[in-house]
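**Q** Got these off TrEMBL a minute ago, pasting:
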type: COMPBIAS; residues: 83-102; note: compositional bias 'Basic and acidic residues'
type: DOMAIN; residues: 10-75; note: domain 'DNTTIP1 dimerisation'
type: DOMAIN; residues: 156-252; note: domain 'TdIF1 C-terminal'
type: REGION; residues: 83-125; note: region 'Disordered'
Amino acid sequence: TRSFTDPSVSMELLRAVLQPSINEEIRGVFNKYMKFFQTAAINVRDNVGEEVDPEQLIQETCRSCLEQAKLLFSDGKKVVPRLPHEQAVPKRARQMDEELSRRGSPVPKKRKGRPPGQSLSNDRGVSGMAAWKLKVSEPVKRDGPKWDPSRLTETTTFVLGSRANKALGMGGTRGRLYIKHPHLFKYAADPQDKHWLTEQQHMRAIGGKMAYLLIEEDIRDLAASEDYRDSVDLRLEELKPFIPPAWMTEKMQKHMETLRRGGDVPPPEEPPE
């Protein structure tokens, strides 16, 4: 048993009391820069293909920022572990990080241009996007009636993700829907699914690019919400819903169950175009 007079115990108790306030302030800092992460993640999706998950990229980047911030409090003996993708960072970039941490400054000298706090509401790919409130280390919740596989029946209608983006007024940038609403169920069509979708003229042959299917009811619920119902960009006629064959619905049921239980999403079977 450790005494409350133990310095480490006393400091830990203080930290526990202050932690909620600290977390709120950290969240505020990330929200300040989130517009940059969003824009970059969307650009990656546009350049690489729809198999890229922008939300995951943003989460990884935020975690990387937190890992680098630890260097500000390094005692010079312990090495802060880097994330796997940081191993390939050029030596000059690593030296700059270390130099900044020694100076006690988390950011380099300001450059000319727009300050981080200035609104980007008119930027391409960001217009109309609601502020993405970061919840540090909070996983996407996949529970409730919308994540019950039994809701997927042989009469359930689906829409293509690309059409859902257009219907909600986000057609200019692929993938924005998935960033703004990470709790939506989406299913990545495999080659067999794509073949059926193409044969039925629900979509054109798209080579190696990913095609996501979403539940029509979920998209219409979003369209009726406060965020969209008064939007002049709402185009629900773009949805073009369809009923997939039973074998495809069964695959989507299994996929939903896997995600609901916290399982990993299988990697795409085809490379980006």
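Placed from the backbone N, Cα and C atoms, the Cβ positions cover glycine too.
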**Q** Can you check how the pLDDT averages out over the domain 'TdIF1 C-terminal' (156-252)?
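**A** Mean pLDDT for the domain 'TdIF1 C-terminal' (156-252): 87.
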**Q** Tally the residues of the domain 'DNTTIP1 dimerisation' (10-75) by DSSP class, grouping H, G and I as helix, E and B as strand, and everything else as coil.
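**A** For that range the per-state counts are 59 helix, 0 strand, 7 coil.
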